[in-house]
Amino acid sequence: MRHISCFFHRMDVNKYRRTLSVMALSNLVLLMGVFEFSWDPHLVLLFYWFEAGVAVTREAAQSLFAALPPSKEYRPTGTRAPFPLKILADVRGGFRPARWLPPVYPQNVPYTLLTLIPLVAFWPFGGLMLTGVVTPVVETFVLPVSAALGVLAILVSQLFKLVDWFQSGEYETVSATGGVSKTHLALLFILAFVAPFVVGVVEAAGVTRVELGLVLVGSKVVYDVLELRNPGFVQSAMFIDKTAGEESTVEVPDGEPVAAFHTDQRAEFTTSVFVGVLSSFLGPTLFFVLLGGLTGMLVGSNLFGTPHGPAIGVVAGAAVVVAVRVLAQLAVGWIVGGHLVYRVYPDAVVAHNTLTSEAQWSIPREDISDVTIGDGFLASRLPDWFGTVRLDRYNGESHKIAYLTDVDAVAQLLDA
C-alpha cells in the first residue's frame, strides 16, 4: 500500500511541476511582450479575454468525455432555463470519435451547451469592447504581428491542460454538469467592461504603459498561483462526483430478433435540415439569430462602411447562426436516429443504436395496446420516403418507430 501511495504522490508532484512550468512559460511570454514588443495594456487584456474563452471551451470539450451520467436533478426546468438539445440527454452509451480518444457520450452534450451558450452570447462583445470597435473608452488598434506569439502561448497552455486531463483518466470518474460559474462570468465582465476603463484612467494619470503592463502580468501570475494552489476555484464547468446520477438499464431479450428495420438516412437528413431552419426562428435560437445579426452589423459597418456594410453584416451574422443550428440538428439526427435499428423479438421491440452500441428503449409486446401508422407534416410532403409507426402502451406511454420505408410491414408484424 505504501508503494502505491508513493506512486500516486510522485505522479501528483510531476503533474504539479508540469503545470507550474507551463504557467511560468505563458507568463514569461507576456512579460517579454511588454518589454521587447511594447505590447499595449489593452492588448494584454485582450490576451486574458482570449484565454478565458479558450479555457471555457476546453472544459466544455472535456465534459463530452465524462463517463458518469449527469444527475437529473441538475437538468434545468421551465422556460427561464431551456435545456438545449435535451433529446440527447436520454441517449445511452457513447462512441469513439477517434481510436486514440476515449468515448464521447451524447448525454453530456446538453450540459456542454449550457456552458457554451453564455460564452457565445457574451464573449464576442467582450472582444469588440477590448479592441475599441464598440466603445469610445479604447482606441481601435490593429494587432501586431508579435501578438501571434501570445496567442500561441495561450493555445499551448490550454492544450497541455487538455492532454494532461486525458492522461490522468479523470474522465472516468466524473460527470458533466453544465453552466459557467458566476465567478468566471464576473471575471469575463471585469475584463471586457471594467478593466479597459480603469486602464484608460490610469494611463491618463501618467502611468507608463510598461509599468501598467507589469501590473497586469503580475495580476495574472497571482491568479495562476491561486488556481494552482486551489484547483477549480474559478471552475467554468463543474466536474464533481456529487452531480453523478444513475445509469438507466434497458432489458434486451436473449436470442435473435425475428426481424430488424433500419432507419432511412435520406429521411433523417431532410427532417433534420427542416427542423434546424424552423427552430432557428421559432425557438430560443431566435435570440442568437438576432444577436448574430447585431454583431454582424457592427462588424460589417466597421469593415465595409455605410450604406451596405451594416446590411451585409446583419445577413451574414444571422446566416451563420442559422447554419450552426442546422449543423447541430444534423448532428443530433445522426446520433439519435441515423443509426437506429428496430429489432422485433418474439416478446419485445427494442430500439438499438449501432453508433453507441446500446439499446435505447425496449417494450414488451404484451404491453403494446395499439399500433398506428402516421407520416406527419413533413413526410406527407415528400415522395413516399418514409413513415412512422406509433406504439401505445397500456400505461399511457408511447414510442415511435420513425424514418421507416416500409411501415406496413412493421405494423403487420406487430399486430400479428
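The chain as shown is numbered from 1 upward.
Glycine too: its Cβ is placed from the backbone N, Cα and C atoms.
Positions annotated as transmembrane segment by TrEMBL: 20-39, 111-134, 141-163, 183-202, 273-299, 311-336.
Counting same-chain residues at least six beyond the ends of the transmembrane segment (311-336), those with a Cβ under 8 angstroms from any Cβ of the stretch are 85, 87-88, 91, 106, 268-269, 271-273, 275-277, 279-280, 285, 288-301, 303-304, 355-356. Fewer than three CB pairs closer than 8 A are found between the transmembrane segment (20-39) and the transmembrane segment (273-299), and contact between the two stretches is not assigned (pairs 6 or more residues apart). Highest Cβ contact count with the transmembrane segment (111-134) among the listed stretches 141-163, 183-202, 273-299 falls to 183-202 (criterion: pairs under 8 Å).
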